[in-house]
Amino acid sequence: MAQTVVHKANTRGVADHGWLKSYQSFSFAGYYNPERINFGALRVLNDDIVTGGMGFGEHPHDNMEIISIPLEGELQHKDSMGNTATIKAGEIQVMSAGTGIYHSEYNADAKNPAKFLQIWLFPNKRNVTPRYDQILLNDTDKRDEFVQILSPNAADAGVWIYQDAWFNLGKFNTDVTKTYNLNKKGDGVYIFVLKGEIEVNGQILATRDGFGIWETDSFEVKAISDAEFLMMEVPMEF
Amino acid sequence: MQKIEILIVGTNKPIMETIARLIDKEEKWLATIAYTVEEALALCRLKDFSLVLICAGLSKDEENQLSLSLKQLKADLPFVKHYGGGSGLLYAEIYQGLALQ
């Protein structure tokens, strides 16, 4: 029988630094909740709002797969590998921090806030050579389908990372129901609702709720209203 | 106040210095850096650390050697692998690691 966990939006950690408001689904920086450390290889899911013109100054990372998904606005990225780029809604950025990188990330707009998801996964290999990639997601306007945006395979749709993980975005019209079949036995899926209401395994989920499901091969997602959501399939043991 | 001493082991100097600075920001914690397995084991013989954080840059063999040697040298000394390279996961790793004592 499937195992599940629900993280309602209002139970997330909150960090308010003035220029940054961060809603944290799992323990991060000053937010420590021993019951909310990770979901399998998914270690960080931060729902960040950065004030216009502000951002994260240069700081290090190592041994982590770091995925950024802008939801609104644009972020200016610069790193120690020589990459300078702007990412905006409809794109996805990935960094394999490996042996270590430095980077900075600023809201490219001086006035309007930038909203983005910052997602960290434990890598399946420590101390890899750092790498950076960002792509435009072509199919995110498709409705009523799971649209793959990340996988472990370079040749597959979306970006790739050093972990057996698959991310899909869904934009469903009201009452649409689809079955998600897991790619790998032993994986779990963490669903994060971006907009609207969905039902998964009998659980109603509203905007910014999180829901983990594992010990199952498949499950149904039903849109209660027009809804957008991110599904992150990750190994539960890694 | 007796500080909780934490040994951090890794090869990336700027990242190690950042991690040490973040640990030292906590009044009750004190970080010591080792850049090699040999240095880490020598420090463990000299001092009673409460926790060892294994950071980036050691090869898999070196990480295994360090883990095995630490178990032989000080069986009760907890060690955890550090991920992320900065403040994001550091505090949770330390709290969890210290809870293993």
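One is the number of the first residue shown, and numbering goes on along the chain from there.
Note that Cβ sites are derived from N, Cα and C of the backbone, with glycine treated the same way.
The Fe cation binding site annotation in TrEMBL covers A:HIS59, A:HIS61, A:HIS103, A:GLU105. Taking Cβ-Cβ distances under 8 Å and a sequence separation of 6 or more, the neighbours of A:HIS59 (Fe cation binding site) in its chain are A:TYR102, A:HIS103, A:SER104. Following the DSSP three-state reduction, the secondary structure of A:HIS59 (Fe cation binding site) is strand.
Under the heading domain 'Pirin N-terminal', TrEMBL lists A:12-121.
Within the domain 'Quercetin 2,3-dioxygenase C-terminal cupin' (A:149-234), the DSSP-based counts of helix, strand and coil residues read 0 helix, 51 strand, 35 coil. Feature annotation from TrEMBL assigns domain 'Quercetin 2,3-dioxygenase C-terminal cupin' to A:149-234.
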For the domain 'Quercetin 2,3-dioxygenase C-terminal cupin' (A:149-234), the mean pLDDT of the predicted model: 98
Neighbourhood of A:HIS61 (Fe cation binding site), C-beta criterion under 8 angstroms, separation at least six: A:MET95, A:ALA97, A:GLY100, A:ILE101, A:TYR102, A:HIS103
Other C-beta atoms that fall within 10 angstroms of the C-beta of A:HIS103 (Fe cation binding site): 21
For the domain 'Pirin N-terminal' (A:12-121), the number of residues DSSP places in helix, strand and coil: 0 helix, 68 strand, 42 coil
